[in-house]
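Data block below; observations after.
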Amino acid sequence: MFWLSFYYFISLIHSTSASTQVCNGPLGMISGEIRDWQITASSTLWDPDCHEKNARLYQSVDRAWCARHKSDSEWLQIDLGIAAKISGVLTQGRANKEEYVTSFMVSYSTDAYRWQYLVDRYGNQKIFAANTDSYAVRHNYFDEPIVARFIKFHPIQWYSHPSLRVEIVGCQECKQHLGLPPYGKISASTSWPYRRRASCQPEDGYLMSNKGWCSRKRYKHDQWLEFDLGHPSTVTSLITKGRGDTSQEQWVTKYKVSFSNDSRLWLYYKDKSQVEPKEFAANNDRDSERIHFLNEPFFARYVRLHPTEWHNHVSMRAAILGCPHQGTCFPGYFRVNSEAQCVENMAYKKQTWTNDRNRQHQPNGVSELKYRSPRETNGDASLAVDGLEESLDWSKCATIDNYFVRKPVWMVDLGRITNIAGVMLRTWHANNKVTNSSMSTSIYRDYLANLERYNVYVDYRPRRYRFKTANLCSFI
C-alpha cells in the first residue's frame, strides 16, 4: 500500500540545460548573417567600394562605407532584424585610403521611428573616441547594455573622409530555431501518398532538410505547413526555402501566416494597423533562404504557413525563429528541472481510472473502499493529472490503493493514439506531515521503504486487470 502523486504523469521529457549566454558576441556584420539589405545610410559616395554593404568589419582594405558629404549629419544604420541586447561596438577605417572616423555618437530604436541617443552619466549625448588609423579595430563598450533592433552610427569627426567599417556586439536571445525535432512536431494539410514517401512528407519541411514538403494537390490554395513548437513561445521571424531534392524547380513565392495556442482558434498575422492578413514574399529559387523579421512578434504554440503563390508546385522548407518561453509554464506543461524547457503534459486533464475491490474501473475517481482516513474525501484519481503543483501535501495527490486490491493500478486515457517519449512520476513523501491519521508516521516510512518499482504499460485500449507483458514499456 502506498501513496502516489502523478502531478505530471506522461510527457515528452526535455532535459537540455540552458547555458548562460555571454552577451558580447558579434551580431553578424563580419559573418554576413546581417544581410546587405539590412545596412542603410544617409548617403553614399559614388565609388562602388564605398557602398553601405561594405561597412563590415575586416572587409577588403579598399572597401568601407563612405559618406557622400563631409558632414556630421551623415549616418550609417544597421537593422539587426530582431531586438538584441547590445553591449558595445567595434569600428575600423578604410585602410588603403587612409580614411577613418575619429569620434562618433550612437542612436538606437526598436521600431525605426522613435530614436534616442546613448548618453553619459550626466545625461548628455555621449561621444565615443574612435580610430587613430585606418587599419586597427577600436573597441567601445557601453556603460550599460541597451535593447534595440536598429542602431545608427553618427560620425562627428574624421581623418580625410568619414569612412567606416563596423561590428555590433551583444546577444539575441529571440533568434533561436523553435519547434525542432524531437520536441517539436510538424504536420501539413496534405502530402504525397505512401507509395511516393521517399520525399515530400511534412517532416521533410524542416529548413535543414535536403528535401522538402510538397502538397498533394498542385493547384489548391488551401494548403498549409504547420509547426507545433511544443510550448507557446515568442515568434520573431520566419525563414523559407524551396524543395531541394529534385531537378524540377519547385518553391513557394508568397505565403500567409496564422497562429494558435490550442490548434482550434487560428489568427492570421497582420502588421500593426492593417486589416488584411499580411502576405509575405518568399523565394525566387529553390536553394536561397528568405528571411522575414516580424514587425509585430507574436506568442503562440502552433504556426502555419499558407502558400498563396508558387513556382511549379507547392513545395517548401521552413523554420520558425524566436525564443522559448521563460518563467512559469502554462497549464498543461511542465519542466523536468529548473533549467529545462517547458514540455507538454499529454495526460493533462485526461480521463483517469483506478481499480477497486469489485474490479470496476470508475472514471475520474476511486471507490468508497479506498484506504480510509480522516481525509477520505481526498485521493481522487484525477488529481494525478490536474496540473497543479503548488503543494506537495498528500491531500493533493491521487490515492490509488485500498485494502482490497493486491496490485493497485492507475490508468489514463490519452484520448488518441500518441507517441510516448517519456514518463515522469512525482510521489508524496510523508516526512511527518500527516498528523491527523490513525496510523503512525513510522508506518508511512515503511510504506515508502517497501515501494521499490512502478511498472508502466501502454496499450491501444483499456485493460481492466491484466496487462500484456509485451506492452511493458518501462519501469521506474
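Glycine is treated like the rest: Cβ placed from N, Cα and C.
All TrEMBL annotations are machine predictions without curation.
If you look up TrEMBL, you'll see 353-365 marked as compositional bias 'Polar residues'. If you look up TrEMBL, you'll see 23-171, 174-323 marked as domain 'F5/8 type C'. Feature annotation from TrEMBL assigns region 'Disordered' to 353-377. What TrEMBL lists as signal peptide is 1-18.
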**OP:** Please spell out the DSSP helix, strand and coil residue counts for the domain 'F5/8 type C' (23-171).
**Re:** 12 helix, 74 strand, 63 coil
Subject >> Integer mean pLDDT for the domain 'F5/8 type C' (174-323) >> reply: 91
**OP:** Run through the domain 'F5/8 type C' (174-323) and tell me, per DSSP, how many residues are helix, strand and coil.
**Re:** 7 helix, 73 strand, 70 coil
